[in-house]
Every structure is written in structure tokens, then in C-alpha cells.
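Sequence annotations record features per position, and here TrEMBL assigns L-glutamine binding site to 52, 53, 54, 110, 138, 139. Summarising the annotation, TrEMBL assigns active site, nucleophile to 83. Feature annotation from TrEMBL assigns active site, charge relay system to 175, 177.
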Ligand SMILES: NC(=O)CC[C@H](N)C(=O)O
């Protein structure tokens, strides 16, 4: 197993699925930090933007000064947006809703899998990983459009992109923190 004990990973803790991410980070031996204030960013090697409700998280991010602070963070450290976090990273949201961090050259569709199958689990094939990885989708978005050749597609369901990377940005539609499989988190830690 890789040694991640020197790494300090933040999880933006304004709203959403925070504790499961913290637990998975600790499980890999890294230090996990629940980030509630911008001055905590300084000490981090990387940060995860969790799932939850992107509108609520975005509103709190604006209130607490996280928009500018995370845009600066992205200049030299990795960010991983999971589910709502993916929406927060995107430059465009289908339907014309305003973007939040405006960092990643993707257009996301919120609640993209429809009412009938709003939540489901599936086994995903991910570029660079062996076998499949279990992935939990909860009222998940997907990447409807990729707007730069810098964006690398790492996983798809049918024609829909559900995991992608652009430089030091990683975004996924699902909740990697809700399964025991740590491969997606490790994919992120290797970007540091
Ligand atoms: N599990 C999630 O993070 C759901 C995302 C939520 N549907 C949104 O649009 O913000």
C-alpha cells in the first residue's frame, strides 16, 4: 500500500456528505481536515468538494469568501469535486444557472439521470484502473459537454461522462466516499 501519511487533505465542510470523505482519507493514512473557514486552506495539500446540494454549498461559499480563495488554491493545488462538487467546479451549467468556481471546462447537467433512476449503484470501468469500481449515484449530474481538449474523460455510463480530469482538477458524478473502494480517492491523491 502507498504511504499517504505526509498528506493533509481538506474536505469543504459547509454542507453535504463531509464525514464519509474524512473517514476515507483517514483510512488511507492521510490527515483529513474539515474545512469551514478560508484560513484553513493554507495548510492543505489538496481539497475535496463533497456531494450535497450545489445551490446551498455555492451560496455558503460566496458568503464565506471561498470562491476567490478556492480559485487561488487551484493555481497550484488539486481540487476534487464529487457530485455537487462537480457542479461547483464547472464553468457552465445546463439551463443557464450561474457557475460557482468557474474552473473546469465542462458543462454539467444537474439531476441528469432522471426521476425513475435518480439513485443507483453500478460497476464502473475507469481509465488506468484494473477491474471495475463500485459507484453510487444520488441525484447525480453528468458532464453534458466537454469544452476543452485539456479535459480527459476517465469514465462514462452509456454516452455520459461521469469522471474527468483537467490539469489539477478532478470531477466525478458519483460518491466515491460511500463505498469501501478507495481507488478513486487514490487517483486523486496521486495528482498531488
Ligand atoms: N448527491 C449530490 O451531490 C446531488 C447533487 C444535487 N442534485 C445538485 O444538483 O446539487
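Glycine residues also receive a Cβ, built from the backbone N, Cα and C atoms like all the rest.
TrEMBL: automatically predicted annotations, no manual curation.
Overlay of TrEMBL feature records on the structure.
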residue : record                           : Cβ neighbours (10 Å)
52      : L-glutamine binding site         : 22
53      : L-glutamine binding site         : 14
54      : L-glutamine binding site         : 27
83      : active site, nucleophile         : 29
110     : L-glutamine binding site         : 19
138     : L-glutamine binding site         : 18
139     : L-glutamine binding site         : 16
175     : active site, charge relay system : 25
177     : active site, charge relay system : 25
CB-centroid shell, 8 A cutoff, L-glutamine site 52, 53, 54, 110, 138, 139, site residues removed:
16, 51, 83, 84, 87, 111, 140, 141
Please list, in sequence order, those recorded positions from 53, 54, 83, 139, 177 with the Cβ less than 6 Å from ligand 1.
53, 54, 83, 139
Nearest recorded site to residue 139 (L-glutamine binding site) by CA-CA distance, among active-site residues 83, 175, 177:
83
Could you find out if DSSP has residue 83 (active site, nucleophile) as helix, strand or coil?
coil
Please tell me which one of the recorded positions listed here (53, 54, 110, 175, 177) sits closest to residue 83 (active site, nucleophile), measuring Cα to Cα?
175
Nearest-integer angstrom distance between the alpha carbons (Cα) of residue 138 (L-glutamine binding site) and residue 175 (active site, charge relay system):
8
